[in-house]
């Protein structure tokens, strides 16, 4: 069987943290001549996003239990049985050579049926604390891969698959050494915005003397951009070249590479991307993340002196202003170098190679 006739089924859904690394691997496999089919939830973000990438989909209806009411919990056995039956149908139609589970509730019924039907299963856990589905499915998988060491027992540390352009940036040493003048600060609130960052950062910058202030790019999400502008105006910033407020950033690789410091949440993909680029970061974990996984994600870099971790409850304008005063481009460059040293920039290729191996393909098919 040639590589062009081999098929990978990717199971992932629910959030971008599962879908985007799955897409990175999917495109890598397609580039090697593989057929890729995606298994997802018709109500999930993957149903809109994945077809835009030209990848055909199979659908299974299944959702999570966390925070759901009694009715959802009582109907779980029926919903799980239906999802298993739908998954089996998809597996029979697609007949994949290997199934890659990238996380999300959808992976549980599909992963179980893949194992029971004899389809080799590869799992990848993006977070530093494994989700329930992957904890169970790890017992049935041929290979278990993790983005952070220790997330699952007996797993292989591959890192998180990321977009290729993030791994192609100049070294931190070259970037930081070429700069002069005020520091370049990137604040990333994400598509949903991060109210704590949007409120504290403008007030912290106002506490700095004009000569101490960095140049700022602050991304806040389309729904929060007006409130962010009001926060900066209330802090005494009338706009101008030194502060740029944007609802979204299309080219995150360039934005990270242009920054001396990033202030952001610590989702798994954010941490992995920052390490891949090699940029200093101050992480403020989302305090309501499942199992507080954002704290342990950030700790992976912070414990190595490659980032700073501040809990949201401890974040204040005064604390942030004092910390910014204590930093120099040289100190941030050192942090960025440490971050880059912990990155796994070849994660996409490595996960692709492992999938090929499990399917019985030659490694040369993934170049």
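First residue shown is number 1, and so on along the chain.
A Cβ is built for glycine as well, from the same backbone N, Cα and C atoms used for every other residue.
Swiss-Prot lists 15, 16, 17, 127, 163, 191, 249, 294 with the feature UDP-N-acetyl-alpha-D-glucosamine binding site, giving sequence analysis as the kind of evidence.
Counted over every protein chain shown, other Cβ atoms within 10 Å are most numerous around 17 among the binding-site residues 16, 17. Take the binding-site residues 15, 127: by the count of other Cβ atoms within 10 Å of each Cβ, the lowest one is 15.
Neighbour counts of Cβ atoms within 10 Å were taken for the binding-site residues 163, 249, 294; the minimum is at 249. Annotation note: residue 127 (UDP-N-acetyl-alpha-D-glucosamine binding site) sits in a coil segment as assigned by DSSP. Secondary structure from DSSP puts residue 294 (UDP-N-acetyl-alpha-D-glucosamine binding site) in a helix.
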